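> Below you will find the structure I want to go over with you.
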């Protein structure tokens, strides 16, 4: 994921001298939102472990299964690794704290879980992986585009991931994590590259590198215990909203040597307006359709019998129903 941010920036064009100051100012946002989100997620995880209190509540496994690091961490100790291999709380604690659950969202009208689940993590390993990814991807984007646009992309992508996840989530499962929002940031990087195509050099290398990172991360999502529908929903939401929020005004010249010293400001090109409108329509219509299906009690697995393979592919080494 870190490589994607660096590869993306490597081909960025400078504006002519007349507008270099404006371009530099746009790229010099001080990143405070991403570190704030990181601190918030760490604080929420600490709250999860405080509420979980493994030594007091024990394990669902029974049989005297012991809490991990109970002597050192006391009430902040982790559930037994056989119950949660990610060093985290029980699924009951996650559900209590606001994890995504299809039955509670649909039948008990707890739509707030579509937002709250973004801030929860299943374990310390889950938290560390997501927060490192957030730093590598988010800092670069916030420096270039500012906290407002990146904050909107993060939240809409997280919500989009939650909505698609809930639509395909089995009633006895819960889902948590910021992965949908992080995939949304990756998706916005791809759409930003496309909509600002003429200001990049070495376009092929940039897009191939980014696509490779995206495909690898989506492929990891077919492993057990990973919610790939949240990844896909977040990526699609971020990809579409990136066209809307990350377009840059451009000159009509393709090569750096052809950029003239001109007093004319850069302008948005016609293809940028087309992409902007198309992406906004797709985003609104897509959200509307999925939300209607979700809150009318539909489950995506009933209508699409092969879609579960997008979330987990069973092999001789693992099963997808565990």
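Backbone N, Cα and C define each Cβ position, glycine as well.
Note that the structure is a prediction, hence the values are computed from the model and not measured.
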> Looking at the candidate ranges 151-170, 251-270, report the one that TrEMBL labels transmembrane segment.
151-170
> Any idea which of 88-109, 176-197 is down as transmembrane segment in TrEMBL?
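Residues 176-197 are the ones TrEMBL records as transmembrane segment.
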> According to TrEMBL, which listed range is transmembrane segment: 6-28, 29-51?
29-51
> Looking at 29-51, 118-139, 176-197, 229-247, which one has the highest count of Cβ pairs under 8 angstroms to the transmembrane segment (273-295)?
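Looking at each of 29-51, 118-139, 176-197, 229-247 in turn, the most contacts to the transmembrane segment (273-295) are made by 229-247.
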